Amino acid sequence: MSSGGLLLLLGLLTLWAELTPISGHDRPKFCYLPADPGECMAYIRSFYYDSESKKCKEFIYGGCHGNANNFPTRDKCRQTCRGK
C-alpha cells in the first residue's frame, strides 16, 4: 500500500475512534453524577461529563467538596468518561 493510502487509512481509523464512545457499561459510575461546584468560593475552570449529551462540558469548581465528576482538562474528562 502506498504511503498516501496508509495515511488515509490512519486518518479514517482516528476519526472512527474519536466518534465512537465507549459503552455505558465501561464508563465509571461517577461520570453520571451532575456537575457539583462544591461549597468553597474559588474560581477553578473544570470539566464534567454530561451523560445526557455525552460530552465533556466546562463548569466552575469552587475548590472543595464537589464530586468525582470533576476534571482539570477536557481531555482528561474524555479519557475517563468517553474513552478518548
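Glycine too: its Cβ is placed from the backbone N, Cα and C atoms.
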**Prompt:** Of the candidates Cys31, Cys40, which does Swiss-Prot name as forming a disulfide with Cys64?
**Reply:** Cys40
**Request:** For the disulfide involving Cys81, grab the partner from Cys31, Cys56 as Swiss-Prot records it.
**Result:** Cys31
**Prompt:** Between Cys40 (disulfide bond) and Cys31 (disulfide bond), what is the CA-CA distance rounded to a whole number of Å?
**Reply:** 22
**Request:** With a 10 Å radius around each C-beta, find which of these disulfide-bonded residues (Cys31, Cys56, Cys77, Cys81) has the fewest other C-beta atoms nearby.
**Result:** Cys31
**Message:** Please compute the mean pLDDT of the model over the domain 'BPTI/Kunitz inhibitor' (31-81).
**Reply:** 97
